[in-house]
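*Asks:* If you look up Swiss-Prot, you'll see Thr49, Cys50, Asn51, Arg52, Ser109, Glu114, Pro115, Gln116, Gln120 marked as substrate binding site, on the strength of sequence analysis. According to Swiss-Prot, the feature active site, nucleophile maps to Cys50. What Swiss-Prot records for His99 is site 'Important for activity'. Among the features that Swiss-Prot reports, NADP(+) binding site is placed at Gly189, Ala190, Gly191, Glu192, Thr193, Ile194.
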Amino acid sequence: MTLLALGINHKTAPVSLRERVSFSPDKLDQALDSLLAQPMVQAGVVLSTCNRTELYLSVEERDDLQEALIRWLCDYHNLNEDDLRNSLYWHQDNDAVSHLMRVASGLDSLVLGEPQILGQVKKAFADSQKGHMKASELERMFQKSFSVAKRVRTETDIGASAVSVAFAACTLARQIFESLSTVTVLLVGAGETIELVARHLREHKVQKMIIANRTRERAQILADEVGAEVIALSDIDERLREADIIISSTASPLPIIGKGMVERALKSRRNQPMLLVDIAVPRDVEPEVGKLANAYLYSVDDLQSIISHNLAQRKAAAVEAETIVAQEASEFMAWLRAQSASETIRDYRSQAEQVRDELTAKALAALEQGGDAQTIMQDLAWKLTNRLIHAPTKSLQQAARDGDNERLNILRDSLGLE
């Protein structure tokens, strides 16, 4: 059994590739079923966010393992293997464990130390448990990563400063508009990122917020909290002209805001500028919108410079966090190896007990038939000794024939021979 982590993220692939490799929430079960149908995959978790798509797997070793998994990923998303191969990373065993711990702790995020990723990892794990999780090793790896992420946040200052994609989006808005108290903001979506954006905007006393979402009920809960108006996604075309700032983050597989829609809104606004911040993957706003005069479009990749400005105080904490992760990953792999040894020990003991029970039963039967006790006991001892040392003897003989002194020494040590 081997633990794997493979995927792409904001550091290895642009948004144009990440959106093609992402898994939509409504098709996640189908993707997991397809993944687990691969003969080498024992268990799997799919993590798909705006900044990364990753597969965490428990697999059986085989020579073409990497090629088979890349082929599955490309076939599933209808991608050319060459397009994906150069952006794909691949981690195995200790490196896979360390990678997941870093991801869950926010050490591999676009925003160093951001807490939202832990919730996303937990959700990915929970989704995988709906009939998909089969290997205790993978499950244990995730559970351990959750506790490591908590330890990192508790023992370091990695989360001391409030920087996130949501915070960066609001920072961008405040840089472009002198005061948010005079602007109207349209938020598209009502997920965790938009919730954070809405709370940031409320703190900066934005004049008006409108929330457009597929399901009104979820949006209404957020709207009640931040004092916003709720509209349907179908109303965006009509209401877009009111918005000075549009911040969008949905799980829609297709753009929600198109170039024509923005053109009409700008015309109604007499070309007053609009800021559009698209933090969704796949993108919610057609890229062509950025070519329009007075429409200022920023994608999640464009937020990098803003985010980088806020990272200085987290870098020292990240060094401490990396030390914790390295220690915890090493301890987890030691535990995993111990589990493997425990299984071998159980099998060996069970085998010895079967031999003991079999030969003891024969000896007792011979005694009941009136056989000589001393002869029967000597025969039992002789047969028991021969049966128990047979396999080690064969291994020692084979190692000697092969000239494998290292194996001979290991066997001598295992048998307690000086």
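One is the number of the first residue shown, and numbering goes on along the chain from there.
Cβ atoms here come from the backbone N, Cα and C positions, even for glycine.
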*Asks:* Ten-angstrom check, please: count other Cβ atoms within 10 Å of the Cβ of Gly191 (NADP(+) binding site), all chains counted.
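*Replies:* Other Cβ atoms within 10 Å of Gly191 (NADP(+) binding site): 15.
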*Asks:* Including all protein chains shown, what's the count of other C-beta atoms within 10 A of the C-beta of Thr49 (substrate binding site)?
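*Replies:* Counting Cβ neighbours of Thr49 (substrate binding site) within 10 Å gives 22.
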*Asks:* By Cβ count within 10 Å, point out the most packed of the binding-site residues listed: Pro115, Gly189.
*Replies:* Gly189
*Asks:* Relative to the Cα of Thr49 (substrate binding site), which of the recorded positions His99, Gly189, Glu192 has the closest Cα?
*Replies:* Glu192
*Asks:* Identify all same-chain residues not among Thr49, Cys50, Asn51, Arg52, Ser109, Glu114, Pro115, Gln116, Gln120 whose C-beta atom falls within 8 angstroms of the centroid of the substrate site's C-beta atoms; report them in sequence order.
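*Replies:* Neighbours found: Gly106, Leu110, Val111, Ile117, Val165.
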*Asks:* If I take the alpha carbons of Ile194 (NADP(+) binding site) and Pro115 (substrate binding site), what is the distance between them in whole Å?
*Replies:* 15
*Asks:* Roughly how many Å separate the Cα of Gly189 (NADP(+) binding site) from that of Gln120 (substrate binding site), to the nearest whole number?
*Replies:* 17
*Asks:* In Å, rounded, how far does the Cα of Ala190 (NADP(+) binding site) sit from the Cα of Pro115 (substrate binding site)?
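*Replies:* Distance (Cα to Cα, whole Å): 18 Å.
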*Asks:* Which residue, out of the binding-site residues Asn51, Gln120, Thr193, shows the minimum number of other Cβ atoms inside 10 Å of its Cβ in this structure?
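*Replies:* The binding-site residues Asn51, Gln120, Thr193 were compared, and Gln120 has the fewest Cβ atoms within 10 Å.
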*Asks:* Does DSSP give Cys50 (active site, nucleophile) helix, strand or coil?
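*Replies:* Where Cys50 (active site, nucleophile) sits, the three-state DSSP reduction gives coil.
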*Asks:* Once the chains shown are all counted, how many other Cβ atoms turn up within 10 Å of the Cβ of Ala190 (NADP(+) binding site)?
*Replies:* 26
*Asks:* Taking only the Cα atoms, work out how far His99 (site 'Important for activity') lies from Glu192 (NADP(+) binding site), in Å, as a whole number.
*Replies:* 24
*Asks:* List the same-chain residues at least 6 positions away in sequence whose Cβ sits under 8 Å from the Cβ of Glu192 (NADP(+) binding site), in sequence order, or say none.
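*Replies:* The list for Glu192 (NADP(+) binding site) reads Gln116, Gly119, given in order along the sequence.
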*Asks:* Rounded to whole angstrom, what's the largest C-alpha distance between any two of Thr49, Cys50, Asn51, Arg52, Ser109, Glu114, Pro115, Gln116, Gln120, listed as binding substrate?
*Replies:* 15
*Asks:* Including all protein chains displayed, how many Cβ atoms other than that of Ile194 (NADP(+) binding site) lie within 10 Å of its Cβ?
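*Replies:* Other Cβ atoms within 10 Å of Ile194 (NADP(+) binding site): 25.
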